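Annotated in TrEMBL:
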- GLY12, MET13, GLY14, LYS15, SER16, THR17: ATP binding site (BINDING)
Amino acid sequence: MSFHLGLTGSIGMGKSTTAQMFADRGCAIWNADAAVHRLYGKDGAAVASITALFPEAVQDGTVDRAALREMIAKDPTALPRIEAIVHPLVQQDRAVFKATENADVLVFDIPLLFETGAEDEMDAVACVFVNAAEQRRRVLERGTMTPLQFEQILAKQMPIAEKLARAEYHIETDTLDHAAAQVDQILEEIQKRMRDA
Ligand SMILES: CC(C)(COP(=O)(O)OP(=O)(O)OC[C@H]1O[C@@H](n2cnc3c(N)ncnc32)[C@H](O)[C@@H]1O)[C@@H](O)C(=O)NCCC(=O)NCCS
Ligand SMILES: Nc1ncnc2c1ncn2[C@@H]1O[C@H](COP(=O)(O)OP(=O)(O)OP(=O)(O)O)[C@@H](O)[C@H]1O
């Protein structure tokens, strides 16, 4: 049996970078954002249902994320309806990964881990964090969103303090070396838990 470790955190706090550290140490990684990209892509499992809901958001058999963002901005009921389609499909994608991967430790990189109930599928959860000023600096440095868009996304997500309170392991992503040392320590503890189980 594999150990299932959830990995979460607030936007830009270092989930992907930390997931790569787990991958470098032999863990298999599943990524929720990548799953959504597969579902929205050519022949993706969400395309038919999104077409039925918002035909104008589908072009050439793929879901246009910019069009979806516009729908969500215009209509407050849009996001919950999209989520009702997407979340069960994301869960199915994860089930296929679990059934086919046989690494000792499977890491699930899920921004909305607590919000979507994926927590229930995990043996433990690790939450990455960095101070708010550094988070903001890193996100805006990417140049992919305005300060207002950043604030809006932040306001929609569960506060980081609440995520940390619900997570068993905390990983501070202030430097790469510090994060790597915490990843090593968590994997040691997980190996011990697996030996003792
Ligand atoms: C709204 C959409 C079209 C925006 O796509 P886009 O490529 O512009 O952005 P991206 O997906 O990278 O998200 C940007 C940021 O918003 C956050 N975010 C995305 N969906 C949500 C949500 N439902 N609630 C809160 N934050 C969210 C992400 O964690 C990320 O930090 C897309 O995120 C979407 O279809 N979301 C609904 C499906 C969903 O819940 N996905 C989350 C994974 S289960
Ligand atoms: N431990 C660390 N030390 C220094 N910088 C880091 C560390 N972890 C991540 N970063 C930097 O922070 C930024 C965000 O990291 P990353 O893309 O991993 O975050 P994320 O949580 O996956 O983001 P998103 O929520 O947008 O998907 C990147 O510029 C990355 O290089």
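Backbone N, Cα and C define each Cβ position, glycine as well.
Overlay of TrEMBL feature records on the structure.
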| residue | record | contacts (Cβ under 8 Å, 6+ apart) |
| --- | --- | --- |
| GLY12 | ATP binding site | GLN135, ARG138, VAL139, ARG142 |
| MET13 | ATP binding site | VAL128, PHE129, VAL130, GLN135, ILE160, THR173 |
| GLY14 | ATP binding site | VAL128, VAL130, ILE171, THR173, ALA179 |
| LYS15 | ATP binding site | LEU7, THR8, GLY9, ASP109, PRO111, VAL128 |
| SER16 | ATP binding site | ASN31, ASP109 |
| THR17 | ATP binding site | THR173, LEU176, ALA179 |
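Mapped onto three states, the DSSP output places GLY12 (ATP binding site) in coil. In sequence order, GLY9, THR18, VAL128, THR173 are the residues of the same chain, not among GLY12, MET13, GLY14, LYS15, SER16, THR17, whose CB sits within 8 A of the CB centroid for the ATP site. Look at THR17 (ATP binding site): DSSP puts it in a helix.
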